Amino acid sequence: MDNDDEHVAGDFFLHSMTTDTIQRRTFLEHFQRFIPQQTIIYIQYCLLRIPFILIYDYLLTEKFSSLNEYILKYLIQIIDHNNYFFLKPISYILHSSLFHILSQIYLIFLVPVLGLILLTLLLLCSDRRLVIFYSYTISLLVIYFDYQMSYKTDIQSSSSIDTYILQFLLSSIYIQMLNIRPRVRAYKVQTRLCHLAPIVLIVTRYLISTNYNIPVLKFYYLIWTFVHLSELFLCHQQTILNLMRNRFINDLYHLYENFGLQTLINYLSTRIDVATLLKIFWLTKIIVLPLGIRTIYTHPYISNVTLNMNMANLNDNMTLDDKQTNYNETLVKTIYFTSLFYGTETIFTLISLACLISYLMKTISHRLFRLLHLWTEDVEQIGTVVGVMFFLLLFQSNITRLDLNRRHVPLLKAFSLLIVALFHFLHTILEPQLLKVAMQTITTRIVFNRTDENSQEGEGNEQENRNNSSLTSLYSSPILRSYHHRHVYTCLSILFLVVLYVALLWRLTTFSTWLLAVTAFSLELIVRLLASLAQYTLYVLDAHNRLSNADSFDEYIFLIKAVTSCFEFILGVFLLFNGFYILCFESRGTLRAIMLAIHAYLNIIKNLRRGWQIFRNRKSAWDNVNQLPLATNEQIEEYNDICSICHNTLTSGVACVTPCFHIFHQKCLQKAFYATKNCALCSRPIIQERNQHRE
């Protein structure tokens, strides 16, 4: 927001009542005793822009489409009824199929795009400009309502004190709107025209004959409207010219052309708080519209709008009015169906709902991850990921076109998938921290082992035998203590909750393709959790020297990861076939097909290629190592060094000699071959030198 917008709220309530400007205090200054000024400015920022978003959302509703169709049919009837010769080409065009196709394209594409551009321009305006815009708009509405009230009073030949009270209130509003705007030369003229409105009504009602009172009344309000619009064009001539020349759009285009799309997006995001506006817009639409604006087109509690009942399931003895009354018999049901109807009315409303869900999930995840001591920078992305996923799930289910009594089903399905997705994200953050704790356990154990060796150098054989006899009892307690960590408890808690969640879903819901998808998604998480616990167990056992074959530690880790990847691949293929069945037999849609294609590429084809490449690399590395000659005891003694990869001593039978006459462990050299085919010491290509040595 601009710096000159800070006192707009004060200017709104400022009225020239006294001549002493030093002692005069605005309503804002009194209100700041309870709420800080920055909070009031932020509320003002949102309130000035929410009406534009509500209007744009109305352009996407079915009511607006029905209104356009009604206007088009009305124009066609008028043209056909007059039957003039010069109107026949227009009638032919309006009746053509091409015109109907173009009108549908206009409603589907042009109205949202052009409306979005205009909405962006309005949201980019400063608060002061928006206040001035609202003042002109409200002033024009005051003139219109004043004219309608005077016109109907004169037509009905009945005037009362209520009419003059309403005119006084409208005049006060008009004067207040004049005081908001800068003073111009037409200020006094507009003030006098406003004050003359009751006098003109009395004159036309009692002093002028009925043949001239209506024309005089219209002439008076035309002059008032002309003066009002002349002020608008004279005082804001430069702004209107800039809008006509699209100067602001050209400035945005030059910004994009010179600095790129990212700079343009950053500029718009700094000027427009989109997420906050969308969240407040959704809450405003849920609370305000059913109570004030949209209900004027329906019966109370919008029972005839929100209800779409299946007549086959109703009793024959009841009328439709009785059924609607029974269906909306409680206030709770009314609030529920009203919120469900307006909260999922358009695609724009779904985007706003996704922003609200994203904010709530971000708040919950922040508190949860800080409570579990798992806070990382990646947690900041969970709100965006959840919001996008929630919108895609609702959009592909076509919720805006469903009957009201079925709209809760996609919402519940989306929320159930979001719960599993949150657990997935929690495990993604938890797994590195869990393995980090395991590595710390190994490091601590190595330090304690060295300390114990130094302290037990002078003890006799009798003490050693006593210690060896109770070896099992000594190692069982430290291993169990290694599992007393909050990350292990968190992992076990997630595992228990996911299993319980899947069991409840199978108990409470009927068998369906959606239930299979949620179950597969949950099974993937269960497999990952078990793999993480298995890796942690291997680290703990290796730290306490409880592995039967410590040299195969890496092979065990690879085996766990390979089994996990195979399960994930199988579940991914199952989800692909399940989604393909839904696409063919349950719910067709372009977005669903695109999502299936993305899933097939990322989770199946790409993982299959990566797994096959890893398998080939391991097989090739092991074949290359097996073809190297084993080192003898004489070669190891002559080499007189350690393995340069693991820094452990070399022994015969497990060490091999490279063509450059360096000696390594076979398993160490196999791991090195995953990254490079060169020697770890001299960086010479081992495979190439081995082939040349053979030749």
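Counting begins at 1 with the first residue displayed.
Every residue, even glycine, has its Cβ placed from backbone N, Cα and C.
Just so you know, TrEMBL annotations never went through curation; they're auto-generated.
Note that the structure is a prediction, hence the values are computed from the model and not measured.
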Problem - Range annotated as transmembrane segment in TrEMBL, from 192-208, 277-293 - result: 192-208
Completion exercise
Between the transmembrane segment (411-430) and the stretches 161-180, 192-208, 340-361, 513-536, 556-585, the largest tally of CB pairs under 8 Å belongs to 513-536
Handout entry: Annotated stretches the transmembrane segment (340-361) and the transmembrane segment (161-180) touching (3 or more Cβ pairs under 8 Å)
Key = no
Handout entry: Cβ contacts the transmembrane segment (131-149)/the transmembrane segment (381-399), at least three under 8 Å, sequence gap 6 or more
Key = no
Problem - Counts by DSSP class (helix H/G/I, strand E/B, coil) across the domain 'RING-type' (643-683) - result: 10 helix, 7 strand, 24 coil
Practice task
Take the transmembrane segment (192-208) and find every residue of the same chain, 6 or more past its ends, with a Cβ under 8 Å from one of its Cβ atoms.
Solution key: 146, 150, 153-154, 157, 159, 163-164, 167-168, 170-171, 174-175, 214, 216-217, 220, 223-224, 227
